[in-house]
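Q: Mind looking over this structure? Questions follow.
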Ligand SMILES: Nc1ncnc2c1ncn2[C@@H]1O[C@H](COP(=O)(O)OP(=O)(O)O)[C@@H](O)[C@H]1O
Ligand SMILES: O=P(O)(O)OC[C@H](O)CO
């Protein structure tokens with residue numbers, strides 16, 4: 001009988017890999033090519049989508065040749081890819097519109113500052129599960145459409161297409177300008193900010209908010225189904241699955257059941273927790289994302305803690321500072337010293353992602369003394385990955401109400417024993433690594449194999465998972481606590497770097513204007529909530545979010561807490577009122593309106609006048625910017641949700 005295999009392509013941030021797997025999930029052959037990283041300006045990161053496509057054209061035949069396998073022996077192809085990276089290309093010629101803008105790129109930060117002031121910004125997270133951040137695709141599409149002459153018209157006519165890397169590759173593999181299939185899968189679509197996280201369709205409100213024409217978007221499909229057959233590179237292979245690489249790793253680690261989690265340590269690191277059939281909105285800075293969707297079955301959701309810079313900090317140590325010659329040398333160098341010598345590196349190169357979401361943060365090396373050697377710096381590099389994981393796990397535990405008991409890991413950095421021990425130490429849980437370290441590729445292969453019936457079911461795949469390595473926590477708890485406190489201090493030093501006081505005043509950022517704007521918005525929301533025919537569910541959520549975000553930002557940025565009175569109880573009564581009509585709801589609403597009115601009156605008569613009297617315009621503008629930043633952070637954290645208000649009701653003051 002002819003042997004059959006499954007092929008996977010992992011289109012990653014630094015390289016593209018093609019791997020063939022056999023029926024027992026064993027790796028049969030690998031071919032890989034790196035592509036160039038372009039850094040044309042500070043904060044900008046680009047890839048050449050044509051270079052990546054050409055690399056694919058080389059590695060696929062090579063992987064087949066190495067194993068002596070023909071296209072007919074490939075049961076199906078699964079694609080996993082770097083997510084959010086944005087490619088726009090001409091449908092008729094297949095030529096990309098400039099270089100692809102990579103997920104680490106921060107060029108859209110200014111644009112997002114403006115967008116977040118729009119009233120509709122408050123609804124974005126609830127619709128797509130993601131905070132407004134430079135990380136995702138939609139702001140990049142808008143940026144390109146605004147800055148490239150004539151592009152919007154071409155996009156509206158459907159002459160220019162958008163895709164993340166899997167869309168670009170599938171379109172090219174299935175014929176490109178000659179009938180290429182323009183599709184994406186739900187996991188990748190869930191990272192654009194344009195897909196409704198519940199309906200799993202492009203959302204009109206989000207399209208309008210980001211001003212993206214529907215005609216340029218791919219069709220959203222499930223993660224496992226046959227999208228088409230290759231007609232280029234190696235013709236005749238069924239393309240049977242696509243997933244974002246982190247979701248592919250979740251699949252490859254067989255985290256099929258709610259409560260199962262993995263962390264992939266590559267260029268960045270990404271911890272995903274399977275949360276089952278309903279999307280969970282985080283109140284602690286996690287992302288809500290689609291984990292996978294098998295054919296017609298309901299989607300499985302995940303909470304994700306994304307860390308932008310981990311392996312790329314090692315790369316910077318190698319290529320930017322030239323302190324080591326290869327990535328594995330970081331471990332050797334770090335072992336030349338006992339500890340970090342008091343030094344901490346917070347690699348906020350692209351701002352800070354989860355759980356902070358500070359786009360304006362930039363990196364620091366803290367605790368430098370003349371005692372510090374490159375060995376200490378190497379330790380600090382590795383520990384940065386450990387502590388960033390700890391912050392994400394703390395947030396994940398707080399969201400799920402459960403304590404993570406083991407962490408499954410994979411990715412290039414897991415080759416580093418010192419790092420893996422550090423992760424176990426700072427998390428205080430065992431860390432385990434499976435036999436097949438190429439979990440992203442394996443996940444894409446599993447998905448494709450399931451799709452074409454090569455593997456019958458998920459249980460069979462589970463049996464392929466075997467433990468290859470384990471690290472047990474061995475750190476003194478008191479030392480762990482002290483080190484964590486030092487780390488958090490270093491993190492705080494990175495905040496606000498890109499918005500120093502004294503930068504030119506931007507319209508609408510003066511503090512009293514911002515506070516007044518919030519007051520009018522709060523009044524409008526209260527007024528509209530009284531209308532029985534209004535969408536009370538939505539208005540209630542908006543009112544709660546703005547109220548808590550506004551009050552918390554006032555407390556943290558403008559004046560310290562300790563004022564008399566509070567609104568926690570009144571807000572809780574409104575949030576708990578069910579149904580949203582009748583005497584119970586009216587009474588609760590009247591109660592809340594009374595405290596909101598009192599707050600507005602008090603603040604406008606007292607605080608605002610005092611601020612105008614005692615602070616200069618530039619100070620008020622700097623404070624206004626800090627206030628908007630904190631308010632946005634609160635909104636991103638889901639501060640208005642019932643769970644958050646319940647948890648904080650006693651603390652909430654006006
Ligand atoms: N022994 C090591 N110690 C620490 N970091 C390493 C080691 N080996 C590789 N890395 C880092 O891991 C990353 C590569 O992992 P990989 O999973 O291939 O990444 P990606 O899929 O994001 O391209 C690189 O950023 C590299 O610096
Ligand atoms: O290519 P990787 O492995 O660095 O993963 C990138 C992520 O998908 C970005 O969200």
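First residue shown is number 1, and so on along the chain.
Yeah, the Cβs are placed from backbone N, Cα and C, and that goes for glycine too.
Keep in mind that TrEMBL annotations are predicted by a computer and have not been checked by a curator.
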Q: Record says 13, 17, 267, 412 bind ADP. Source is TrEMBL. Which of 57, 311, 367, 453 does it list for that same site?
A: 311
Q: Can you match one of 135, 265, 301 to the glycerol site that TrEMBL gives for 83, 84, 245, 246?
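A: Matched candidate out of 135, 265, 301, per TrEMBL for glycerol with 83, 84, 245, 246: 135.
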Q: Which residues, sitting 6 or more apart from residue 14 (ATP binding site) on the same chain, put a CB under 8 Å from its CB?
A: 34, 35, 37, 267, 315
Q: Around the C-beta of residue 246 (glycerol binding site), how many further C-beta atoms are within 10 angstroms, looking at every protein chain?
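A: Other Cβ atoms within 10 Å of residue 246 (glycerol binding site): 30.
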Q: Should any of the binding-site residues 15, 17, 246, 311, 412 have a Cα within 10 Å of the Cα of residue 83 (sn-glycerol 3-phosphate binding site), which are they?
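A: Checking each Cα against residue 83 (sn-glycerol 3-phosphate binding site), the hits are 246.
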Q: What are the sequence-distant neighbours of residue 15 (ATP binding site), meaning same chain, six or more residues apart, C-beta distance under 8 angstroms?
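A: Listed in sequence order, they are 32, 33, 34, 35.
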Q: Where the criterion is a Cβ under 6 Å from an atom of ligand 2, which of the binding-site residues 14, 311, 315 meet it?
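A: List returned for ligand 2: none.
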Q: Quick one: give me the count of other CB atoms within 10 A of the CB of residue 315 (ATP binding site).
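A: Looking across every protein chain shown, the total is 14.
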Q: Might you list, by sequence position, any residue in that chain lying six or more from residue 412 (ATP binding site) with a Cβ less than 8 Å away from its Cβ?
A: 265, 266, 311, 327
Q: Tell me which residues of the chain lie with their Cβ under 8 angstroms from that of residue 135 (sn-glycerol 3-phosphate binding site), as long as they are six or more apart in sequence?
A: 84, 103, 306, 308, 350, 353
